[in-house]
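Engineer: Annotations per TrEMBL:
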type: DOMAIN; residues: 1-326; note: domain 'Cytochrome oxidase subunit I profile'
type: TRANSMEM; residues: 13-38; note: transmembrane segment
type: TRANSMEM; residues: 50-77; note: transmembrane segment
type: TRANSMEM; residues: 110-128; note: transmembrane segment
type: TRANSMEM; residues: 140-157; note: transmembrane segment
type: TRANSMEM; residues: 169-195; note: transmembrane segment
type: TRANSMEM; residues: 207-228; note: transmembrane segment
type: TRANSMEM; residues: 240-264; note: transmembrane segment
type: TRANSMEM; residues: 285-305; note: transmembrane segment
Amino acid sequence: SFMSLSPSSTGNLIFGLLVSGISSCLTSLNFWITILNLRSYSLTLKTIPLFPWAFLITALMLLLTLPVLSGTLLFVLGDLHSNTLFFDPVFGGDPVLYQHLFWFFGHPEVYILIIPAFGVISIVISGISQKIIFGNQSMIFAMSSISLLGSLVWGHHMYTVGLESDTRAYFTGVTILISLPTGTKIFNWLTTYLGNSPLLHLKISSVFFSLLFLLMFTIGGSTGVILGNAAVDLGLHDTYYVVAHFHFVLSLGAVIAIFSGIIFNGEKIVGTKSLLLSSSSTLSLYHLHLTFVGILLTFSPMHFLGFNVMPRRIPSFPDSFHSWNL
């Protein structure tokens, strides 16, 4: 285990992440050029679907934040191998600066993960409802607002490092502000979906995965608003409540969106009728129900552990936490 943490291993890891960062930036440029320059003449930015819009916005966030991570990693590499003193407090460096630089990338990264899922859910709900998403342009504006605000709230991961109170007040305010465009999106999806019951039987499991996404994402988003409050977060920071929050948003948000999209488009992707990928097949309904029950059983108890301030990343726990862990 010593070798896995050795300076050369860390150097290799950092080099790998740098290469990944460069490749993601180039891919993002590719998306931008493709979406902006290779459209049909009839497709204005107003009329391209929400799915490419989601990728346009995601690619922009990657282009703006990944270089920050790359620079941070180069600082770490310098501290390890070149006698620089960016982060070593013994020699006047600042470990909190590392957190600022990391989370300046790290928070936009979670939106980079969820915005493509927004695009997927939009095409699925639009497809099953057989109409354009309600408030189509407001959805574009909402995704843009989420990406902008989501890049300005990195400090809400750092309420416990000694930020001054007005800084924490700013991060609290802007974090809670993100719930407004997000709520807009949820209600627009629901409004598109409602009143279309005759078509629901066509794509059963992808329909319910979409609704499951809305439910899970709403719960996860609500716990995020709670954690966004600096005073509350002082109690909940680094507990299982945080783990419950981001797994509801990502494991139960982004992953369910992927399931929904693959099942909805499955037969188009494979080019043939398939038991696994047909929305109305018994197998995909088993998948739906087992996923639904499994994820709730896995992640719901974590909220209660978090309220009892069980810390995350600690491999053992007292007997009083046994039932919720079980």
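Quick reminder: no glycine exception, Cβ is built from N, Cα and C everywhere.
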Engineer: Under a criterion of three or more Cβ pairs within a distance under 8 Å and sequence separation of at least 6, are the transmembrane segment (285-305) and the transmembrane segment (50-77) in contact?
Structural biologist: no
Engineer: Quickly jot the same-chain residues contacting the transmembrane segment (50-77) by Cβ under 8 Å, restricted to those at least six beyond its ends, or write none.
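Structural biologist: Long-range Cβ neighbours of the transmembrane segment (50-77): 10-11, 14, 17-18, 21-22, 24-25, 27-29, 31-32, 35-36, 84, 86-87, 98, 101-102, 104-106, 108-109, 111-112, 115-116, 118-120, 122-123, 126, 133, 136, 139-140, 143-144, 147, 150-151.
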Engineer: State, in range form, which of 13-38, 207-228, 240-264 has the highest count of Cβ pairs under 8 Å to the transmembrane segment (110-128).
Structural biologist: 240-264
Engineer: Mind checking which residues of the chain, 6+ beyond the ends of the transmembrane segment (140-157), have their Cβ under 8 Å from one of its Cβ atoms?
Structural biologist: 50, 53-54, 57-58, 60-61, 64-65, 99-100, 103-104, 106-108, 110-111, 115, 118, 163, 167-168, 170-172, 174-175, 177-178, 180-182, 184-185, 188, 227-228, 230, 233
Engineer: Do any residues, 6 or more residues outside the transmembrane segment (169-195), come within under 8 Å Cβ-to-Cβ of it, and if so which ones?
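Structural biologist: Same-chain residues near the transmembrane segment (169-195) but 6 or more away: 118, 121-122, 125-126, 128-129, 131, 133-135, 138-139, 141-143, 145-146, 149-150, 152-153, 155-156, 159, 163, 210-211, 214, 217-218, 221, 224-225, 228-230.
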